[in-house]
Amino acid sequence: MQLNSTEISDLIKQRIESFNVVSEARNEGTIVSVSDGIIRIHGLADVMQGEMIELPGGRYALALNLERDSVGAVVMGPYADLKEGMKVTGTGRILEVPVGPELLGRVVNTLGEPIDGKGPIEAKLTSPVEVIAPGVIDRQSVDQPVQTGYKSVDSMIPIGRGQRELIIGDRQTGKTAMAIDAIINQKNSGIFSIYVAIGQKASTIANVVRKLEEHGALKNTIVVVASASESAALQYLAPYAGCAMGEYFRDRGEDALIVYDDLSKQAVAYRQISLLLKRPPGREAFPGDVFYLHSRLLERAARVNAEYVERFTNGEVKGKTGSLTALPIIETQAGDVSAFVPTNVISITDGQIFLQTELFNAGVRPAVDPGISVSRVGGSAQTKIIKKLSGGIRTALAAYRELAAFAQFSSDLDEATKRQLNHGQKVTELMKQKQYAPMSVFDQALTIFAAERGYLSDIELSKVLDFEAALLSYARGQYAELAAEIDKTGAYNDEIEAQLKKLTDDFKATQTW
């Protein structure tokens, strides 16, 4: 068989044309140094701030410092086996976490991976952890309540859907207990909850999850965990990951509540990362952008209007507003609310609930200090009946605190002052509440009605809580229809007032407490 030169050249051309050349361009760099969870990378030319960098073994680092000839990145996870000279790759992606209803009832880590042993999570969507907050035009004013189930909070410091209300106090003053009770109270309210645990002991978090499960609230809750044993990077990112999960509900016309427990530990984790990245320290060694750290997180909690929801869902959801309510927690040192991080978060949020060690130790639990606790926007969101009845509660407590200080130095008090002191003591006693026992709107309204209309004046101080328990039990038995109506509508009119008066008079006549 003979081949001439033309056939040979045609054959070669065919082979060349059919040859499949596959080339892959990868943005690759080399690790120059590894120390304390921070890696320096040389050669990553095209990398974004906050980009995920793929490391050997399927782990990732987060690019935070972009310098002229190197990139400073923080490793998300263990770093002991990383060595100088290893190759790393830029992914071109910002960190994303899984979001959606599939996460409800689950315990996940910062990256959205399940850690509760209940199998994988089949989430259909992911969302970037860093998202720009809704603009002014997309927002709507707060006018719907979030019932915490606490008499002292719902009457004096009401919280609305889309509000940011800070819970602040020293260690062991009941901050987490208050937030967990607020989550438990949402189990039948249609509000989804996200609990973000930052830098806490694993045993404490396990206890919280168990309590949520016991009270039937875990099925509507996502628990995001960055425990004390996790790296600083994961503790710093956990609130943003939890917020992205909450925004899924907000942007689809649902209501969600997120608890950050606590942002002091997140600020400490961020300070650690910043100092290791050699960023210049400022006040209390925090970096210059620690205010922005919290403001960009808390601004994402908002009430968005129906147009925003409709636009976001491409017209699938119409006529529904969405909200994300935030309860950030800050731990103070020896009651110092004027420290750097507490003052920052106080100025960002729409009010604060201040829990005091002295009150807690005196048995007033929840230990809410009504003097410096405020809610800047919750008043317009308060349930109508609670708003009408609770007007005098804060005044009575403030007057009582002031008079109690003078009463220590004086024995001969006039009748009016004695009456005021007596009333203040009774109201203080009445504001006490057990943990894991959130109260309905009707129960709160009836209790406050009894206090405000003078029904407690002849009750001994030690019997006030017994009187309240017996009154509520009697009301639920004899006036079930009234209770159901108030729980459903929260309305208040002359007819309801007359019924509440008759109920309390009838009960007092029984003398059974």
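Cβ atoms here come from the backbone N, Cα and C positions, even for glycine.
Swiss-Prot lists Gly169, Asp170, Arg171, Gln172, Thr173, Gly174, Lys175, Thr176 with the feature ATP binding site. What Swiss-Prot records for Ser373 is site 'Required for activity', and it gives sequence analysis as the kind of evidence.
Distribution of Swiss-Prot features across the structure.
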residue : record                       : Cβ within 10 Å
Gly169  : ATP binding site             : 27
Asp170  : ATP binding site             : 17
Arg171  : ATP binding site             : 10
Gln172  : ATP binding site             : 12
Thr173  : ATP binding site             : 26
Gly174  : ATP binding site             : 19
Lys175  : ATP binding site             : 25
Thr176  : ATP binding site             : 20
Ser373  : site 'Required for activity' : 22
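Between the CA atoms of Ser373 (site 'Required for activity') and Thr176 (ATP binding site) there is a gap of 17 Å, rounded to the nearest whole number. The secondary structure of Gly169 (ATP binding site), as reduced to three states from DSSP, is extended strand.
Gly174 (ATP binding site) carries neither a helix nor a strand DSSP state and counts as coil. The residues near the ATP site, meaning same-chain residues not in Gly169, Asp170, Arg171, Gln172, Thr173, Gly174, Lys175, Thr176 whose C-beta sits within 8 angstroms of the mean position of the site's C-beta atoms, are Glu331, Leu355, Thr357, Phe360, in sequence order. Mapped onto three states, the DSSP output places Ser373 (site 'Required for activity') in coil.
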